[in-house]
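Peer 1: Just passing along the structure, written as structure tokens.
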Amino acid sequence: MSGTASSLSPGALRLRSPRRSLDVEHQASKQGGASPLGRQQGPPPDTAAADADARAADGPAPPKGLRRLGSKLWGSESSLLRHSSITVFEPTGRWHQAMFMLVCADGAPFLLGLPAAMARLGWAGGITVLTVAFACILHSATRLVRLHEHAGKRHNRYRELAQAVLGKRRGSLVVLTFQLVVNIGTCVTYQVVSGQALQSLCRANRGDGGGCLSLTGWILIFSASQLLLCLLPDINSLTAVTALGAVTTLGFSVLATVGSALQGRAPDVSYAVQGSAADRVFSAFTSLGAIYLLFGLTVLLEIQSTLAPAPTSAVPPMVRATVGGYTVLFSMFLAVSVSGYWAFGAGVQSIVLQSIGSPVWLTTLAYLCMVLNAIPGYLVFAHSVFDYVDLKIMLSHWTGLEFEGGPLLLLKRFGFRWLFVLATAGVAVCLPFMSELMGLVGALGYVPLCFVLPCVMWLKTQRGRLSLAQQAVNWLVIGISVLVGCLAALGSLRSLIVSFSKMDCPPYRVKKRTDNYEVRKYDAGKWLVTNVTNTKFELAYTKGVSKLLKYFKGSNDKGENFDVTTPTLAELKLDEKGQPASKDYAFSLWLPEEAQKDTPQPTDADVKVVEYDSITVYVRVFSGFATEGTVVDETRSLHEMLTDDERDFATDVVWAAVYDPPQKLINRHNEIHVAMVAPAVGQVFVNQAFERRSRAAASGEASRATAATRDAVDVLRSTDSAEEALAAAEALPVEHLMRAAAELRDAGHRHVTFSPKVFIPLTRLCRDSCGYCTFAMPPAPGRRAYMTMEEVLAVARLGAEAGCTEALFTLGDKPELLYPEAAAELAVMGYSSTLEYVAAAAAAVMRETGLLPHINAGVMGREELRALKAVSASQGLMLESTSPALLQPGGAHHACPDKEPAVRLATLEAAGQEAVPFTTGILIGIGESRLERVEALLHIRRLHRAHGHIQEVIVQNFKAKQGTAMAGAPEPPLTELLWTVAVARLLLGPEVSIQAPPNLTPEADDVAGSEAADPAAGWRALLDAGINDWGGISPITRDFVNPEAPWPHLQRLAAATAAAGKALLPRLPVYPRYLQQQQLQPASKARRQREGEGQRQWLDGAAGKDSPLAATLRLADAEGLARGSTWYAGAAEDAPGDSEDGAAEGAGRDQQHAAPPPAAQEEQQQLKSSVPRVRRRSAARTWRVALGEDGLLEGCPGPQQASEGVQRLLAAVLEGGHELSEAEMELLFAARGADYRAVCCAADELRRRVCGDTATFVVNRNINYTNVCTYACAFCAFSKGKAAEELRGAPYLLPLEEVARRTAEAWDRGATEVCMQGGIHPDFSGETYLQLLAAAKAAAPDIHVHAFSPLEVSQGAATLGWPLRKFLEALRDAGLGSLPGTAAEVLHDDVRAVLCPDKLSTAQWLEVMETAHSVGLRTTSTIMFGHCDSPAHWARHLAELRNLQKRTGGLSEFVPLPFVHMEAPLYLKGRSRRGPTLRECVLLHAVARLALHPHVTNIQASWVKMGPQRAAHLLAAGCNDMGGVLMNESITRAAGASHGQQLPAEAMEELIRGAGRQPRQRTTLYGTAPVRQAVAAAAGAVAQPVEQAPL
């Protein structure tokens, strides 16, 4: 920690005077307390004694005064003394210990800024300044060391020595002034560098940095920690300070040096100093101060005080320590600065780690070292100030007899400490510029204190004893240091002003610098765009200003001309001098002629807010004020340079810019003129930025209406005032509200969903009596109050047979509290409450039928919600309304205690606290006003923002029912329902689902009398108003709440949805985002606590495979929607599906409660059921929920045409060679219906162009030589431990002779390849793999050995202690032909943390593959998908493979491997889905063809996973290869698959011909198989299953 100041110690407080002394010896030192610079108490500084003299002159002081204060304030003397800031020393150290402390004290995170200083000085200048600073500090420091025992007295503090040499007043004034600059300035710099380190640490681990705080936020977080730490006693342990300083300093220094070396020198790196002449000169001056700061040390005397006094004639041991310590430091500084500048040149960042970037683990560790170093570093500098102030405060409370004002004394001390931390934090926030602060603090503090003053004092004390040469050397050091200080101060001040004037610029990182331009990448931000002239468009960065002040020229009242040529913003004000009073950052976009053609010219109203993830800008720096001619010339020049230098810049870069730096520093704001150099990109930009113009071109009124709609939507999204929201909504026509709501819906929901359910009215008793309800009924003689468990299960089983996924439990609120009959019936059944019974019923339904319970059990507290969460996927409670008028006599909720709004809101709050996915809603038309509806929706929004648990909001219209108090009340018209739906969407945003029950939709002729009473028209209107869900619909049960309104037939509802351009899809009762958030969380409780503390458990998984989480995953697809299909990977093709996971899975298990006694059973059987008996519907009225291969409901229509976005994307790939981004891959993975067919057709066409109509296969044999494995991958059913025979099969290990026999047998049967893989056996080494290879090659020398996964390769190399390359070369030389690209699973470390946390990381897997390619070994590539992953992870996987292939070209094929779930441990524990759906399997092959083109040309179908017929079908979806015949496959069959024994070559050819392709037998690397082997394969017999000899 550079310049570490003296710190506190629990030592003696010895206040001395000439006449008497007060000694209070503290015993803490005997218990191990010590200063960081010493161990034994000694006399305090002379200034303390001087201050004590004045206070102790009037009489004797009682020796117990300080003890009394300690007892009074802290309860013990030692507690107070631990907080008394007096540092003392023990002279028992050795010189090498002092050297160690010197290195620790001077090693600070600031040294990582040395490469940036080198970039401003150049090679010669940087090394020269480092060397000169090293020589100067050696001379000055050794002079200071020799002055330590000046005049026969040891001076343990700089201030003491200066007072002795220069006089008390002068010495104290000089030293204290500079020490204050050093301490405060260094503390500020520590806060800045810590903030930058924390921000960079966040960005390094968040990919693009999304979600990270600003630099100000991180500075404040670091400062908050110091607010707490500054109240603690000082860092008193020598071990704590020096060890932490040593480890962290060495850590980030070595990591920075190694990281720069690993990064290597970029081919286009430039070492030319950048900027104008003035910029270069003043930047160089700033670097002088920064370098001198790093060599400065203010505690040299304190370190020397730990050494014993040296004889007068001898060389002090501290001289050796100083020379040795500074030599180590110089070497460290030189290594960091040279390596960083060599690797990154002039483009190096202010902290070199920001330029290194990767590997992430290295930079993460280095940033952590920086922060850990800065925490005590700040404290020791701050405590130097505290030391002085605390002493003054304590002495001001000394009366001569005792200390007074105990609490006030502490308040003053701690208050000052807080004030100091807050003040330095404020400066750091205002001036967050590390390099400039280092230069300024070095110039004004460290140069005079550490370089100049020691030489001055040496000349003064040695006057007459120094030779002329010695004096000259001292004066030379003084002169150089004074010159450096002046220049550095001037440069730093100028740099600070310039940097401060640019603070409104959005954050950016310099990616590259050349002599002519630099490349900047700006962070995410909102930008305003508009046009100024026909050829000039402007893009402005702002922090929230909403309007644009266009191109403006004029003069102020003084006649002074001013010119605002940058797009400034509406709040930009001009001061009395005509200058901008606030700064914003802007680009001026000049379109070249090519991009101007047919460009729509927008009006001033066409201001658009665009949020970019990042903007890459090529910046050309030039001098002088910018004129239009200058900009045009410089733009043309920049364009020409980029065309020559940047081959891909026209497609990669968004902006190219000419930068006009501020000439008057403060009086002129920043200005960037941008040339859109890529015409195609420019046209896209213009079209996107001004698309509103083309829509509103017909009339000016349309533009104004759009603006009014936008303003109203902004109010609805932002306000918390119901009055403001209502005013904004009612200011617009309902059609405009609906249009805005539909656009917002489309931003969050691609499809429209419904939940296929059975309605289970467990009881219709309720203690509430709502004025509109026919569901609640009082007890009736001879009729049961509750459904029996048998009735519940009967209904649920019918629903499961019909493809339902939800069991909706609806019941009245706690009827047993009102009706004794209910309590008695519960007691007979063995339950104490309705909630206990519903929990048992829900558990039985989930266990016996697989349906997911959704429970509407009324008002509950947290414990009740938690109990039901353990047996349900979701819960719900309608808020209905927050109107208090409804509770009054005559109101809809009169005499309904559970309808009190506060009570229902409390339940919603409790559900959020318990992380329950929750459904709520409002009921409209029951006497509430529009304002009260808005209030209810705002309450829901507030709770969702607090907890994130509101998954859907139902907007339900009131329907009058006969026999109720509100039978004559008017029903709300459709327009009112549409208005409320649209407002709900706009208030709640795109994330929350908005639902409207389709069986309650008012007739459309309420809106347009000319239309027929067709519910489809009303459904279409609701879709146009922004709903995305129809709620629960049942093919089995009626709507018991609205029995007069039957459910619509699914075909009619799907047709109406398709007419709106949407597909109707079944969902689960829990919405996708809650399932997707949880399925990647660590499975074990310990890991959740360690890794996922902040993650919410939305679904209970405590019961493993019997939990709601497991039940939900069984029914879900990769998007979190309903699976809707019985197909699964590995199933026998003649089997109907997967019956083992359906209703039979939980059959036969004991119920939670004992059956009632026989007498009670007989009595129950004599009573009538509480609900009508559910019967199967006729064939004409029934329908079943099932999804086809294309992902749409079977028998139901969907959109007929592929969506415009998908069509455009596929055309770009096929015709323009477009490379799919990850987001575009995700879009294609979500394809259904017409989109699905379009993706498959495009992939098939691309396959035809690349591979023709030939489909290949290879004759091979799998040899899995052992299933013993030290890894415990969650997906693997193949590997066995030696004690795992209860799993599928016993562990085995093939002898080498058996491997050779099987290889020879394979060759004889026509195989050209043997594929060898196995578990990671604990006894295997790299030599084992070489032996296996030798055995195979000895048995069949000409066979191609395709063997050893990347994990096995890594393991083998590690066991031999060899680098990967050496081991791979050894395998290659021993006859290995290629590697299987297995063990990849999914190349995303979030997924791997669940699947295989102890296996290779993504980076390690890629490293093995890349190394294999570099030694000439080609590999396949795979993905194992359909477990806990999502389409986003598949897209990342494909992108990683594509990038690998671009680098190496070593991938021969890509093989998607669907997850086979049946015996997989992850599935058996309830932590995975049941593998991918058939649609997902087909799409992964098709999208892989499109995404990997043209780099990977072979896409293989796995007949082992898919089944032979399904694999052949994939030949029409982009595949061109059927893989190998395999002979014996063990791994997939161990997981429960039905295929894998062998598919003979003849059968393979028949499959291929049946798919319309021409078969061709190939070799492993896609050559043509030798004729001899092809003939042998055609005649070969089917290989018989082999028996593995168990261990």
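Each Cβ is built from the backbone N, Cα and C atoms, and glycine gets one as well.
Remember, TrEMBL labels are computer predictions, not curated facts.
So TrEMBL says this about it:
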REGION    1-68  region 'Disordered'
TRANSMEM  123-145  transmembrane segment
TRANSMEM  173-193  transmembrane segment
TRANSMEM  213-232  transmembrane segment
TRANSMEM  239-262  transmembrane segment
TRANSMEM  282-303  transmembrane segment
TRANSMEM  323-344  transmembrane segment
TRANSMEM  364-386  transmembrane segment
TRANSMEM  416-434  transmembrane segment
TRANSMEM  440-460  transmembrane segment
TRANSMEM  472-493  transmembrane segment
DOMAIN    752-999  domain 'Radical SAM core'
REGION    1079-1103  region 'Disordered'
REGION    1131-1176  region 'Disordered'
COMPBIAS  1160-1172  compositional bias 'Low complexity'
DOMAIN    1255-1494  domain 'Radical SAM core'
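In terms of burial and nearby residues, how do these features look in this structure?
Peer 2: With a cut-off of 8 Å between Cβ atoms, the residues of this chain six or more beyond the transmembrane segment (123-145) that come close are 114, 117, 161, 271, 284, 287-288, 291-292, 294-297, 300-301, 304, 316, 318-319, 322-323, 326, 330, 333-334, 337-338, 341, 450-452, 454-455, 457-458, 473-474, 477, 480-481.
Away from its own ends, the transmembrane segment (173-193) comes close to residues 2-3, 5, 108-110, 113, 158-159, 162, 166, 219, 222-223, 226, 296, 298, 351, 370, 374, 377-378, 381-382, 384-385, 388, 420, 424-425, 427-428, 431-434, 437-438, 440-441, 444-446, 448-449, 453 of its chain (Cβ-Cβ under 8 Å, at least six residues beyond either end).
Under 8 Å from some Cβ of the transmembrane segment (323-344) lie the Cβ atoms of residues 96, 98-100, 102-103, 106-107, 111-112, 114-115, 117-119, 123, 126-127, 130, 134, 137-138, 141-142, 249, 253, 256-257, 260-261, 263-266, 269, 271, 294-295, 352, 355-356, all in the same chain and six or more residues away from its ends.
Outside the transmembrane segment (440-460), and at least 6 residues removed from its termini, the chain residues within Cβ reach (under 8 Å) are 3, 136-137, 139-141, 143-144, 146-147, 158, 161-162, 165-166, 174-175, 178-179, 181-182, 185-186, 188-189, 288-298, 466, 471, 474-475, 477-478, 481-482, 484-489, 492-493, 496.
Within its own chain, the transmembrane segment (472-493) is flanked in space by residues 132, 136, 139-140, 143, 281-290, 292, 436-437, 439-440, 442-444, 447-448, 451-452, 455-456, 458-459, 466, which lie at least six positions past its ends and keep a Cβ under 8 Å from the stretch.
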Peer 1: If you average pLDDT over the domain 'Radical SAM core' (752-999), what do you get?
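Peer 2: When the pLDDT values over the domain 'Radical SAM core' (752-999) are averaged, the result is 94.
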Peer 1: Which sequence-distant residues neighbour the transmembrane segment (213-232)? Criterion: at least 6 residues beyond either end, Cβ under 8 Å.
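Peer 2: Counting only partners 6 or more residues beyond its ends, the transmembrane segment (213-232) has Cβ contacts under 8 Å with 191-192, 194-196, 198-199, 202, 371, 374-375, 378-379, 382-383, 386, 414, 417-418, 420-422, 424-425, 428-429, 432, 507.
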Peer 1: Same chain, outside the transmembrane segment (416-434) by at least 6, Cβ under 8 Å from its Cβ: which residues?
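Peer 2: Distant Cβ neighbours of the transmembrane segment (416-434) are 110, 113, 184, 187-189, 191-193, 195-196, 215-216, 219-220, 223, 226-227, 230-231, 350-351, 382, 385-386, 389, 393, 495-496, 499-500.
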